[in-house]
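Below: one structure in structure tokens.
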Ligand code: F2R
Ligand code: MG
Ligand code: MG
């Protein structure tokens, strides 16, 4: 395992937070689209332009993914011991001050209930959703970056904090376990040396081992019901298949590209790992860009999958690998750097 000094760790904190923001801002215009060959070419040109030093374009706005990530980060910075009532209030305040950020309908209902109940029991409204099953959306996973960073050396603390932070809006086990998987993937990225190649087998085996513990602890899991382990095994198989073939259809069919946590978190991890090598149709030498562009090129829930992929890429590579011109097109980029530094400072 690489020795990560404090300078590199700080750069990785910045990379992770900026990566989450950039994926959200650049992926948002494509959310819900099916990407054709023509669409992928447009995406290539879109990135080429944004990367150029003189290109002027309207600022790329962030969506609910970043709005909620901001609240999680503020909660940690202001109250590092984790106060979930405080976090729920931040989510609600953020939503009602800027509701048009593309939130899912379930979370909007949860926020209204939280406000009506005066935050009496911040876990109750989410438990009642979908007839008591709770939301399986990726809204918990899309906002975990600050928690993964803050608890990077504290596995138990991370599991507890991520589970509860997710349960404020999402109580379905797929949503919680997706948030945990994304957290563990970010934490593995933080431990890697950016100048060394990733051992894909080790990286994915380690995630499978961790999910084994999490999915085994579930009281209501049947032995053969380990959905994230199954997805991670598919992920390994697709990664091993011929890299020159177009396997995007297999990725979408087997891993997914939708708003469910199960149909998007493994996909984001796959995009990050696949983009460590060249990808046909994505012309760039910049690994960070390749990760995010590839995630968007799959279509579907592009802002969220690109945001989760970007946070992984940034946590591995650090801030230096993020093109300075591209990031300047994103709303909130300066503030997000401060957020990353403040998170680093409260460690
Ligand atoms: N909501 C969106 N995109 C929709 C289009 C937005 C549009 N572009 C605009 O600007 O208006 N994106 C954001 O939502 C995803 C994260 O969702 P989250 O936070 O998990 O929300 P929610 O509401 O809990 O779940 C989303 C939908 O999933 C379905 N669903 C969830 N659990 C279910 C269950 N147990 N049974 C049946 N359906 C369930 C529902 O349709 C929910 O509304 C991210 O993509 C973010 O970017
Ligand atoms: Mg969004
Ligand atoms: Mg989305």
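A Cβ is built for glycine as well, from the same backbone N, Cα and C atoms used for every other residue.
Where the annotation comes from TrEMBL, it is an automatic prediction and has not been curated.
Below are the features listed in TrEMBL for this protein:
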- 63, 64, 65, 301, 303: Mg(2+) 1 binding site (BINDING)
- 304: Mg(2+) 2 binding site (BINDING)
Looking at the binding-site residues 63, 64, 65, 301, 303, which have a C-beta within less than 6 Å of some atom in ligand 2?
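Those binding-site residues that pass the cut-off, since their Cβ is under 6 Å from ligand 2, are 63, 64, 65, 303.
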Under 8 Å between C-beta atoms and at least six apart in sequence, can you list the same-chain neighbours of residue 304 (Mg(2+) 2 binding site), or say none if there are none?
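In sequence order, the residues whose Cβ lies under 8 Å from that of residue 304 (Mg(2+) 2 binding site) (at least 6 apart) are 24, 27, 31, 65, 138, 142, 259, 264.
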Please list, in sequence order, those binding-site residues from 64, 301, 303 with the Cβ less than 6 Å from ligand 3.
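Those binding-site residues that pass the cut-off, since their Cβ is under 6 Å from ligand 3, are 301, 303.
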Near residue 303 (Mg(2+) 1 binding site), which residues of its own chain have a C-beta under 8 A away, given they sit six or more steps off in sequence?
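When sequence neighbours closer than 6 are ignored, residue 303 (Mg(2+) 1 binding site) has 23, 24, 25, 27, 28, 30, 31, 63, 65, 102 within Cβ distance under 8 Å.
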Let me know the most crowded of the binding-site residues, choosing from 64, 65, 301 and counting other Cβ atoms within 10 Å.
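Result for the most crowded candidate: 65.
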An 8 Å radius from the center of the 63, 64, 65, 301, 303 Cβ atoms defines the neighbourhood of the Mg(2+) 1 site; name the other residues of that chain inside it, in order.
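Counting only non-site residues, the set is 24, 27, 28, 31, 66, 102, 142, 304, 307.
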